[in-house]
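My structure is below; once you've seen it, I'll send some questions.
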Amino acid sequence: MPRLRVALAQLNPVLGDLEGNSDRILDAAQRAAEQGAQVLAVGECALSGYPIEDLAGRASFLRACRQQVEELAVRLTERGLGELIVIVGHPDGPHEASGLAGDRTPSAIAQNAASVLQHGRVQARYAKHHLPNYAVFDEYRTFIPGRDHVVLDIGGCRVAVLICEDLWRDAGPVAELKNAKPGLVLTINASPFERDKQQVRLPLVQQRAREANASLAYVNIVGGQDDLVFDGDSLVVDASGTVVARAPQFEEHVLVTDIDVVEAAADAPPATVTLEPRTVGGDVLEPTINEPGPVEQQVWNALVLGTRDYVNKNRFPSVVLGLSGGIDSAVCAVIAADAIGADRVHAISLPSRYSSEHSRTDADELAERVGIRYSVEPIADLVSPIEQQLKLSGVAAENLQARVRAIVLMAASNMHGHLLLTTGNKSEISVGYSTIYGDSAGGFAPIRDVPKSLVWKLATWRNEHAAAHGRTPPIPENSITKPPSAELRPDQTDQDSLPPYEVLDPILDAYVTRNLGVDEIVALGYDAGVVSDVVRLVDHSEWKRRQGAIGPKISAVAFGRDRRLPITYRPSQ
Ligand SMILES: Nc1ncnc2c1ncn2[C@@H]1O[C@H](COP(=O)(O)OP(=O)(O)OC[C@H]2O[C@@H]([n+]3cccc(C(=O)O)c3)[C@H](O)[C@@H]2O)[C@@H](O)[C@H]1O
Ligand SMILES: Nc1ncnc2c1ncn2[C@@H]1O[C@H](COP(=O)(O)OP(=O)(O)OP(=O)(O)O)[C@@H](O)[C@H]1O
Ligand SMILES: NC(=O)CC[C@H](N)C(=O)O
């Protein structure tokens, strides 16, 4: 069977940094060529970053993208890489807006494109047909759908080019390409991580390969972009769906594979363009298959990468957070240290008059084990004058402590340029169990999409992982085992206000992720009163969530653009 040596480069673009991203692609091309690759593919919008959101409506941005693609083709040739066929994803335009007529978004002027570069110029260009407009995606709002197929004839091998969502549609481009008879389907993607998504993505890739009776090469981008984390996990399957090669998750990687390309039948229609590949010498490459780790490891790595890229891509020198001795701030501190190094993480213990002894000692212990920068700033003397002057009691007095902590933490942020991390988990954020402008203050929320029961599992996994590698487990056992408490009044625990997390989290999953109604959740076996209370709290906290910091999405339905609900809302049932 004919063979092509294909490099899939999963790169971590910085959104908008067209030159920097172009440099990344050039470096990958160099490495691919050194390994004898004939074709290099990088991810969807790897030249611009993804998602570009309403930048797609800015003509000057689109012109800059187009110019950068053309320059990239020239720079490849100047580096002696002109024979390498490079397939690069980028926004393309400006095209003419359709106005109010037509079957597309009236204001859209961009297409989501893949350009095929060789010999210093663009040889072919494909525009994505299917524009996802569900969950976190808004592509129909910003892009004009493509209509044409692109099949490359590369030295007799027929290669069809697709972009991400095109692959996901039954009766979509893969079915439409039946007559074109590609021997390899090459799809460039920007597919964000969700726990368990691989259980959908991999079988989908395998199914499409079988449907097309062709090998399938799938290249994703990698890295954090605001609330999304792209996990890479690029792979190649053969025409029977068997995995031939697979890149590691959550890191940049160039996966070079010799791919068997099913031979085209004699009656295959002409290709869009015919390209002569560079010749490959030497032996067939040994394929590499990197299996993903356990789910806790994947989620941990996603949180670390999302946090690292948010901090570094936005050029923060360091982060600060309040360390309470509890599990949430402990996990956030370790994620931050794993992400950017312990010496860039500043933790402050902020004991109040209600703080327990262990809140201090557990915070001290964690800081010591992880080696982060650490200080103690008691807040009682800051709280008292305000409390007395304003004659505060009850919730107003309780929340004042959280707000005074926010003042201290934001002062450290302003003085030293630290990004303030806010430590709320998904269970608390769901029910509004945080003080607005208090502990919810901050610029980034590392565990915002992690339910409390998963926070504990992650802490246990991270400690076991350290022990298995002969290192000190970072999180004190006491922080994992003690009952969670906001410590805003004497002997307070979370369960004074909320059902136990083992009851709360499944109800939240049913309501938030699966979108079930109250009756349907009660039918799952939960107490009707508890379900109504939880649902009411979730509905009433929408306003708090809208003001909250973003954080990495790891679930199928994260708060934010995945779940858009009215704030002003009076349920009728
Ligand atoms: N729809 C809406 N649109 C705009 N504003 C709205 C609103 N509904 C209420 N509000 C405003 O919200 C205010 C109440 O919100 P807020 O001040 O946050 O206070 P609130 O939600 O009443 O209390 C905070 C709760 O979170 C708990 N907490 C605090 C700190 C940390 C933790 C933890 O374990 O991590 C837990 C604390 O024990 C308490 O139960 C009201 O004064 C009202 O003005
Ligand atoms: N004594 C404290 N010192 C420093 N920061 C604190 C203190 N108490 C609360 N915070 C900050 O406020 C956040 C909210 O914590 P709180 O103790 O109220 O409940 P929690 O959600 O159980 O969090 P944790 O598990 O981190 O204690 C903490 O994660 C921490 O960042
Ligand atoms: N960029 C895209 O088209 C992504 C959509 C696709 N369903 C995914 O998550 O992989």
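Even glycines carry a Cβ here, placed using N, Cα and C.
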Kindly point out which candidate in Thr422, Thr423, Thr435 is recorded by TrEMBL as part of the ATP site with Gly322, Leu323, Ser324, Gly325, Gly326, Ile327, Asp328, Ser329.
Thr423
Tyr134, Ser191 bind L-glutamine according to TrEMBL; which of Lys128, Lys197 goes with them?
Lys197
What else in the chain is close to the region 'Disordered' (467-496), if you only count residues 6 or more beyond its ends and a Cβ gap under 8 Å?
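Residues packing against the region 'Disordered' (467-496) from afar: 324-328, 330-331, 334, 337, 352, 354-356, 358-359, 362, 365-366, 369-370, 398-399, 401-402, 433, 452, 456, 459-460.
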Whole-number Å distance between the CA of Tyr134 (L-glutamine binding site) and the CA of Asp328 (ATP binding site)?
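Taking the Cα atoms only, Tyr134 (L-glutamine binding site) lies 31 Å from Asp328 (ATP binding site).
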Around Lys544 (deamido-NAD(+) binding site), which residues of its chain at least 6 apart sit with Cβ under 8 Å of its Cβ?
Ile429, Gly432, Ser434, Ile436, Ser440
Check the Cα-Cα distances from Ser191 (L-glutamine binding site) to the binding-site residues Gly322, Gly326, Glu428 and tell me which is shortest.
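So, spelling it out, the nearest of the binding-site residues is Glu428.
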Taking the Cβ of Asn399 (deamido-NAD(+) binding site) as the centre, how many other Cβ atoms fall within a 10 Å radius?
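There are 19 of them.
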In the same chain, which residues outside the set Tyr134, Ser191, Lys197 have their CB within 8 A of the centroid of the CB atoms that define the L-glutamine site?
Pro132, Ala135, Val136, Phe137, Trp168, Pro192, Glu194, Val200, Arg201
Among the recorded positions Cys164, Gly322, Ser324, Gly326, Asp328, Thr423, which have a Cβ atom lying under 6 Å from any atom of ligand 2?
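Correct list: Gly322, Ser324, Gly326, Asp328, Thr423.
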Which residue among the recorded positions Lys128, Lys197 has the fewest other Cβ atoms within 10 Å of its Cβ, if you could check?
Lys197
